[in-house]
Amino acid sequence: MEVTAHYIGGKPFVGDTGESFATLNPATGEVLAHIEQADERVLGHAIESAKLGFSVWSSMSAAERSRCLLKAAQLIRDHNDELAELEVRDTGKPIQEASVVDIATGADVIEYFAGLVNGLGGEQQSLGSNQFFYTRREPLGICAGIGAWNYPIQIAMWKAAPALAAGNAMIFKPSEETPLSALKLAELFTQAGVPDGVFNVVQGDYRVGQMLTAHPEIDKVSFTGESGTGKKVMADSAATLKPVTMELGGKSPLIIFDDADLDDAVSAAMVANFYTQGEVCTHGTRVYVQRAMYDAFVEQLKERTEKLIVGDPMNMETQIGSLISKSHLEKVLGAISSAKESGATLLTGGFQVTERGLEKGCFVAPTVFVDCRDEMPHVQNEIFGPVMSVLVFDDEDEVIARANNTQYGLAAGVFTQNLSKAHRVIHQLQAGICWINTWGNSPAEMPVGGYKLSGIGRENGQETLLHYTQTKSVFVELGAFDSPYA
């Protein structure tokens, strides 16, 4: 099988490094491609290419950059089905998700920042009749994007959009588990007229990430992944004082009060745990249900969860796809075993699905544990699989304290018909992304990011553009220079 490699300088690039790895379809075990592992020489070539691209791109007007990005977004939409199928084969997620969410929401963000950048300007202030100052928002230079495997192309677009809109170049490293869609994205950027070298893709494992974060000519790092790796990224970046944006792990609370709409609450809990087979950092895996609603909630949850369709991700009827890898499958099954050992009651699921031709994949039945306690390991630790923990609570103050008793702070949600209560509770929850009577919505206009160990900085929304620029202050003297020396 031919070795697929990198995308540097507006075209595919093979570095002849002598090392490669296989990327698999996790649903079937099929080898999709062999990918070249980048080395220092490949990264050096990418940086030189990015320098050239940056010199051209940053000198273009905001309107010119905007036109290129809008064209890229349209090309991405035109290739939606192709990109979605590629994403499904590489991730194992259902095609019904990828075809309507992953590609479209990435294109949304590119369009959003393409429109926003035209208004990116500085300020001017007079300091008297002969003096004034003004400021400029200037690009940082070369930004590194390090992606995750659960939403490969969406994450690539979420990182590239503000970086490129602000005039930067980017070197993007996809996860070695899902390396394919970023190459197609790079190709579409080139077709849209983005200058060569502005968006480059280098492939490889953690070693490539370490080279990027430590490199003195990388001016910023944006990372999506788990919190432990995020600490290492930040430490490596600190050596050259480069700014970082990090969207990390979570163990988010979903709080359901007894006046909530039962059907909506169950629907949200299912989406907040089983969408993308549970491999979403913002999932609400700690579901707190007020005692008066608990029994009815659990009864409906069991009935509806057992109707979910686990199957071939390429089948439009499939609702639960394959986990990303055999090693991750073992981790999730281990967490399920731990939950049983800790005394939680298995309501439904809890096993690997192997019938109907799924034996070669990494499928886990949607799993719900009840009678959970806050101190149980599966309640405290991020599992990143289709495993829900349901906990009962009695009053508002109690559930707020319990919901906040975690090292994470990525997301939180509240379901209640009392909007005063909803806002009162949300304002006390220690989380960066919050929802009221819904779960998971993430429009391009809304900044997203975490508190505590769930991240630093934000993605999307107006403030994100500021993370990809730096302020230059210019003081102007119109009169004679007033020297203190004779």
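Just so it is clear, glycine is given a Cβ too, placed from its N, Cα and C backbone atoms.
Feature annotations, courtesy of Swiss-Prot:
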BINDING   Thr23, Asp90  K(+) 1 binding site
BINDING   Gly147, Ala148, Trp149, Lys173, Pro174, Ser175, Glu176, Glu226, Ser227, Gly228, Thr229, Gly249, Cys281, Glu382  NAD(+) binding site
ACT_SITE  Lys159  active site, charge relay system
BINDING   Leu241, Lys452, Gly455  K(+) 2 binding site
ACT_SITE  Glu247  active site, proton acceptor
ACT_SITE  Cys281  active site, nucleophile
MOD_RES   Cys281  cysteine sulfenic acid (-SOH)
ACT_SITE  Glu459  active site, charge relay system
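Projection of Swiss-Prot feature records onto the structure.
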{"residue": "Lys159", "record": "active site, charge relay system", "contacts (Cβ under 8 Å, 6+ apart)": "Cys143, Gly145, Gly147, Met170, Phe172, Ser222, Thr224, Glu459"}
{"residue": "Pro174", "record": "NAD(+) binding site", "contacts (Cβ under 8 Å, 6+ apart)": "Gly147, Pro152, Ala156, Ser181, Ala182, Val201, Gln203"}
{"residue": "Glu176", "record": "NAD(+) binding site", "contacts (Cβ under 8 Å, 6+ apart)": "Phe21, Thr23, Ile35, Gln203, Gly204, Asp205"}
{"residue": "Thr229", "record": "NAD(+) binding site", "contacts (Cβ under 8 Å, 6+ apart)": "Tyr206, Phe223"}
{"residue": "Leu241", "record": "K(+) 2 binding site", "contacts (Cβ under 8 Å, 6+ apart)": "none"}
{"residue": "Glu247", "record": "active site, proton acceptor", "contacts (Cβ under 8 Å, 6+ apart)": "Phe223, Thr224, Cys281, Leu410, Val448, Gly449, Gly450, Ser454, Gly455, Glu459"}
{"residue": "Lys452", "record": "K(+) 2 binding site", "contacts (Cβ under 8 Å, 6+ apart)": "Thr406, Gln407, Tyr408, Gly409, Gln430"}
* **Distant-in-sequence Cβ neighbours of Asp90 (K(+) 1 binding site), under 8 Å, six or more positions away** => Thr23, Asn25, Leu32, Pro152, Glu177, Thr178, Pro179, Leu180, Ser181
* **Three-state secondary structure, Thr229 (NAD(+) binding site) (per DSSP)** => helix
* Helix, strand or coil at Lys159 (active site, charge relay system), per DSSP? -> helix
* Among Gly147, Ala148, Trp149, Lys173, Pro174, Ser175, Glu176, Glu226, Ser227, Gly228, Thr229, Gly249, Cys281, Glu382, listed as contacts of NAD(+), what is the widest Cα spread in Å, to the nearest whole number? -> 24
* To do: Using a 10 Å cut-off, grab the number of neighbouring Cβ atoms around the Cβ of Ser227 (NAD(+) binding site), all chains included.
  => 20
